[in-house]
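Step one of this worksheet: look at the structure below.
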Amino acid sequence: MGISPVDRGRHTRDPEGLAATLQSGCEGGPMAEGAVEAPAESGGGGDPGTIEPERGVASIKLQYLTTKEHFHEFLEAKGQEKPSQETEAGDPAGNDLDEPEAKRIRLEDWQTEDRQTEEAVEPGEQPQAQKRARGQNKCRPHVKPTHYDKNRLCPSLVQESTAKCFYGDRCRFLHDVGRYLETKPADLGPHCVLFETFGRCPYGVTCRFAGAHLGPEGQNLVKEGLVQAPPIRNGLDKVLQQQLRKRKIHFKHAEQALRQLSKGQLPGPTPKATVPEVMEAEGAPGQDNCDAQQAPQGPGTVPPPRGPLRTCGPLTDEDVVRLQPCEKKRLDISGKLYLAPLTTCGNLPFRRVCKRFGADVTCGEMAVCINLLQGQTSEWALLKRHPCEDVFGVQLEGAFPDTMTKCAELLNRTIEVDFVDINVGCPIDLVYKKGGGCALMNRSAKFQQIVRGMNQVLDVPLTVKLRTGIHEHMNLAHRLLPELRDWGAALVTLHGRSREQRYTKLADWRYIEQCVTAASPMPLFGNGDILSYEDANRAMQTGVAGIMIARGALLKPWLFTEIKEQRHWDISSSERLDILRDFAHYGLEHWGSDTQGVEKTRRFLLEWLSFLCRYVPVGLLERLPQRINERPPYYLGRDYLETLMASQKAADWIRISEMLLGPVPPNFVFLPKHKANAYK
């Protein structure tokens with residue numbers, strides 16, 4: 001299939017618009033199937049085969065370019081699926097099979113109305129422009145994984161506990177292993193990652209790869225030379241969760257700092273520790289029973305004789321003397337590569353992948369302070385830390401000084417981090433309209449109380465991430481940076497965009513350079529549009545202390561290696577698949593190898609694939625490096641897998657996930673969070 005004259009004129013300077021389509025195989029030679037070659041002679045006087053650059057489109061070598069129709073036909077043919085023969089759209093009626101049924105009906109209604117409008121126009125009148133079907137797809141299907149609770153085995157049997165089920169006959173889970181195995185879906189593969197890595201799979205018969213470690217009688221096998229799984233730090237203790245839900249914790253030092261701030265006083269040192277105190281005799285979180293409070297005694301009871309005080313360890317003065325701001329451990333990460341806190345995609349398995357490629361500093365996903373104070377398990381999961389993350393921080397989002405300061409005091413003693421970051425850059429309406437994220441830049445009084453209060457109750461450095469401002473051409477960061485330095489922030493990261501512009505324009509690194517002087521001597525990190533080592537070098541020339549990488553790591557996590565080795569890595573499709581396989585293995589270790597864990601791993605993998613498809617291999621580029629704001633045109637890669645990874649269809653992302661995690665369950669639907677419509 002050839003390409004249209006519009007596409008021919010777009011990519012060549014041939015005045016006649018002539019081009020030939022070569023029918024060589026995608027894997028058989030340097031010319032991809034369906035690619036376009038410029039004629040040997042050109043009558044326009046220009047160089048033959050010269051690429052005419054198009055704004056916003058990556059410059060790819062001419063022999064790899066193709067059309068949208070031929071791109072998808074090639075993937076369907078090579079994927080051993082039935083190719084569309086009725087029409088180019090794949091449906092006899094000309095409908096797009098990837099559109100949901102509800103949306104397709106709505107589109108047909110709009111098209112019918114447009115045709116009726118055209119017929120109603122009298123001769124000589126100017127017809128009105130047709131309305132495009134755009135906006136939110138509110139008819140998209142929402143399928144929640146409710147099937148996880150059907151025929152689910154009791155956790156007491158999964159954990160091989162010797163004690164009986166606590167709920168007895170009232171338990172809503174199955175206690176018959178044989179009945180469970182009859183309804184359990186087939187295994188997804190012959191090898192279990194947990195069993196091969198650690199010698200034992202804790203999920204037993206519920207593992208979707210259970211055939212690798214189940215004995216003839218269904219017992220869970222244990223391999224010799226058992227390796228202890230590395231502990232994941234910063235988990236939520238059940239006792240602490242119960243106290244948070246019942247509001248049993250008293251934040252003494254946060255309240256003291258807030259009282260001083262409300263009176264206009266700067267919070268000073270407190271005489272005692274910042275350990276959240278429990279209001280009842282239930283034992284403070286993270287302490288042994290020897291520190292538990294005694295029950296209140298009545299007036300008629302005789303107090304027991306006091307014996308020698310029992311301690312839980314070496315005696316220190318940490319609970320008596322508070323650290324002064326000048327005594328805090330300094331955050332020395334100048335010149336290091338900082339992986340940004342990425343919502344949804346910046347999970348623990350992804351951070352492990354980036355650490356393997358050279359990321360120096362990592363940070364957890366944005367956590368809402370109110371949800372943490374309520375003891376929500378899903379929110380506390382964002383704080384988990386893998387042992388490979390040597391320099392790790394968490395990011396908090398909130399709009400009010402009381403909740404942010406109390407949350408800082410809570411985390412100060414319950415988790416292990418190297419720094420705590422305040423999110424002042426989130427642009428989404430859900431956060432902004434409540435006064436959090438970017439809105440704090442216009443609420444300087446509340447912003448000051450948040451920074452001063454959190455800095456007072458924390459024993460680790462406090463950092464801030466913010467944008468240039470809220471509205472375009474109205475920068476605020478240069479005025480806030482000196483104040484943040486005086487309020488006690490140890491480091492600030494500046495994203496070179498405003499909330500209003502989002503990603504419509506490039507990051508303003510000239511303004512970041514001006515802010516470096518305003519923030520001095522406080523270190524300032526820069527963030528925005530870094531996708532190659534050249535971009536990183538230009539960013540460091542502005543005088544920033546370091547760079548934060550966000551979308552660039554999603555498009556190519558090996559970017560950290562490229563920056564440290566100062567080279568372009570023409571990574572092959574098989575190497576990229578190995579990276580995805582490592583992510584899948586890390587996901588199964590983190591979320592589990594049962595049905596729920598496998599599908600959670602798959603969904604986070606698909607979210608990441610929705611970014612990875614925008615990467616263009618180095619060997620295909622006409623001009624290096626690829627710019628982060630350039631979308632790739634349709635092209636056929638050097639092999640089938642490279643072409644499949646370039647697809648922007650969710651169905652092809654699911655096909656890649658099936659290579660790593662087995663087939664998807666029936667009625668599986670995936671809708672990327674960062675795209676309005678996954679079906680186009």
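Placed from the backbone N, Cα and C atoms, the Cβ positions cover glycine too.
Given the structure is predicted, the values throughout are model-derived calculations rather than measurements.
Cross-referencing 148-178, 458-488, 582-612, 613-643 with TrEMBL places the feature zinc finger at 148-178.
Confidence across the domain 'C3H1-type' (148-178), taken as the mean pLDDT and rounded to a whole number, stands at 78. Beyond its flanks by at least six residues, the zinc finger (191-216) meets 153, 157-160, 177, 180-181, 184-185, 222-229, 585, 588-589, 592-595, 597-598, 662 of its own chain at Cβ-Cβ distances under 8 Å.
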